[in-house]
C-alpha cells in the first residue's frame, strides 16, 4: 500500500487569520493568551483538513518563521536577546522584528533597543526566513517545548503525527557567522542537541520524523558533503525513523550521497527531479522508503493525474509499501482553499488546485495506486477534462502577442547614449543636490485607504468617490514629502493593493483571486496574480495617478512600475511554455507603460525588480541562461526613453555580489537596494567591481518598527562612500513603506533627510 503524507501546510489560515491575530497582538489590542489560542485553533483546523493523510506534519506551524522556530528549539538565540527573561514568545518576536529603544542609552548601541534578525529569501521562493546567527563560541541547548506542545495537541486530536524539523547541515548552511568563524566547526556541538531532540520525540511515541535537508539540491563542496556523512552517522543510532526530505530541485551530483545516508526514507521533488527516480530506485537500499513529490507544491495548476499515474503505477509495482506519495514541497507556498474563490472566472478556476485541492489530488493518486483507477474513474475523468480545457482554450493563446515576441531584436533593449552622457542631461533637467533623497515608492496603507478600496470593490463606493478618496491620499503623501524636504517624490501607491496584483488586474492574460494569499514573512502576505495566458496591455495602468501627483508639486515625481522579472517571479506562472517567453511578453507590456509615462512628462521612472535574484536557479551552472533573458527583459522594458529621462530600479533582499555584472548590464541610471540589515555588507561587491551608475543603498530597515537615528544613517552612508563615489550616492530607505505607520515613517524620514543634509555639508 502506498503511504500518503504532507511536508507542510499553509499556516496563515484560509482568511489570513494568523496575520490579523499577529497584528492585533503587536498593537497591544489582544493578549498573548489570545494569540496562542489562535495558533492552537489554526493547527486544529489544519490537521482536520489533512485527516485523510496517513501521516500529517506537526511543527510546520510557526508564529513568524520555521527557521526562527528551529533556532529557538536549538537554543541558538542572538546574543542581544539572551539576557531577556520575559515570555519566550515576546523574545521570539524581538528577534523577528526588532524593538525600538526607549532611551538615548539604548540608541547608542544600535538604531534601536534590539536590532531585528537578518531576513533573506528561502531558496528560490518568495518566502523569507530569519537568518540564524553564529559565533565561534556559539553553544546550543535543547528547548523542545514548541514541538512537544504541538505533538500533544495532535495526539489529542487523533492525528498520526510526523514532526518536521530542519536538518542540522541545512540549518548551519542557512545561517551566517557574525565573526570570521566557520559554521561547520559548530557541527560537533550541534549534533548532540539534535540527538537529544530525536530521543525526546521517541519517548513521546513518535515513529517518523521528517528532517528537511533541501541544500542537497544545491551545489555542495566536499566539506559540506562530508558534513552530511558525519551528521547522519551520528544520528543513525537513534531508535526513531528519519525521512530525509529534499525539495525545490534535482539532486544531481548529490544523488549518490543522499541515497547512501543512513536514514529510513528519502523524499524527492519529482516535479523537478522526475528523471532521477529510476536512478534512486537503483541506488537506495532495498528496505528504504522512497517518497515522491508528485504534486507541485509551488504552483496552483491542477496535476495531470492520468499522466502522473502512467509513471507512478510501474513504480508502485516495483517498490510496493516502500513508495510514499506527497506534494513536491511544503504547501506553505500555495493558497489554502480554492473553494473560497466564488468570483474567479469559472473556466480558469477549473484549471486550478490550492492546498486543499492538492491533498484531494494526492488522495486520488493513492487510491488509484492502491485499489486501481476504476475506483476513482469519475475523479480522473473530471481531471482529464480540466487539463484538456486549459490546453485548448483560445484565452490562453493570443496570436498578436506571439507575433510581437517574434519581432524582438537587440535594438529594442538599448538606450540611445551611454550612462555618462545620459547622466549629464538628467542632472541638467532634474537639478538635484548631492546625496539626493527619495523613497522606494509606497507609503502606509492606512485604515482609510483599505476601507475605501473595500467599499469600492463591494460596490458601496462609486468610481468617482473612490478616485477622490485616492487623490486625497496621494495629496497627503505629496504634502508630507514636501514638508520633509525630500528631493524626488513618489505618489505613495494608495490605489495599489499589491505591487504585482495591481498590474495583473490590468493585463490581459492574468486572473486574480480573492483569497489566494501566501505568506511572504511574518504577518506579511501576498496574493500572487495568476498568469494563465499570453500577456498584453489593453490601456495605460498608472499614468492618470502619476500625472495627478506631479500636478501637485514642482519637484520630480517618480513613475512607479513593477518590472517584468518581478511580476513573473511573484506570480503563479503558466507551466505550458518557457518562463522566458512569459517574461518577454511582460516586458513588452510594461515598456508601453514606460513610454506613456514619459509622454505625460514624467522625468523619473522607477521599474522595480525586487525579485530579480529570486529567480536564479539554485545551481550556479544554470544562472547564465536565466540572467540572459532576465536582463534582456528589463532592458526591453526600460530602454525606449530619451536620454534625459532617468530610469531607476529597486532590488530588495538581493544579495547580488555574485551577479553584480548582470545588474550593471541592466544599465539603469539609478539602483536602490536593501543594505541596512546587513550593515552595508551587500556593498562588498563594489570593492572589486566598479559599478558605473548611481546607487542608493538602503539606510533603514522598513521591515522593523525601529526608528533609525540620524547618526546611524550617516554612519551607514559613510561606509557606502568608501566604495561608491559620493556624487553617485542616493539616500533612501530599504524598501517601500506600505507596511509601516505614518507615526513611524515621519520620524524615520526626518532623520534620513537630516543625515543627507549633514553629508552634503561635510562634502562641501
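Every residue gets a Cβ built from N, Cα and C, even glycine.
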Of the candidates 121, 402, 425, 719, the one that Swiss-Prot places in the 5-methyltetrahydropteroyltri-L-glutamate site of 16, 17, 18, 19, 524, 525, 570, 614: 121
Site-mate of 440, 441, 442, 493 for L-methionine in Swiss-Prot, selected among 310, 321, 608: 608
Spatial neighbours of residue 441 (L-methionine binding site) among the recorded positions 18, 525, 614, 652, 703 [C-alpha, 10 Å]: none
Residues close to L-methionine site centre defined by 440, 441, 442, 493, 608, Cβ within 8 Å: 439, 490, 499, 560, 606, 650, 735, 736, 738
By Cα-Cα distance, the member of binding-site residues 440, 608, 735 nearest residue 16 (5-methyltetrahydropteroyltri-L-glutamate binding site): 735
Spatial neighbour of residue 18 (5-methyltetrahydropteroyltri-L-glutamate binding site) that is closest, considering only the recorded positions 440, 493, 608, 703 and their CA atoms: 703
Neighbouring binding-site residues, C-alpha within 10 angstroms of residue 650 (Zn(2+) binding site) - of 440, 442, 608, 614: 440, 608
Closest of 442, 493, 608, 652 to residue 614 (5-methyltetrahydropteroyltri-L-glutamate binding site), Cα positions, binding-site residues only: 652
Residues that sit under 8 angstroms from residue 608 (L-methionine binding site) by C-beta distance, when 6+ apart in the chain: 440, 441, 499, 560, 561, 562, 563, 566, 649, 650
For L-methionine, whose listed binding residues are 440, 441, 442, 493, 608, the greatest C-alpha pairwise distance in Å: 13
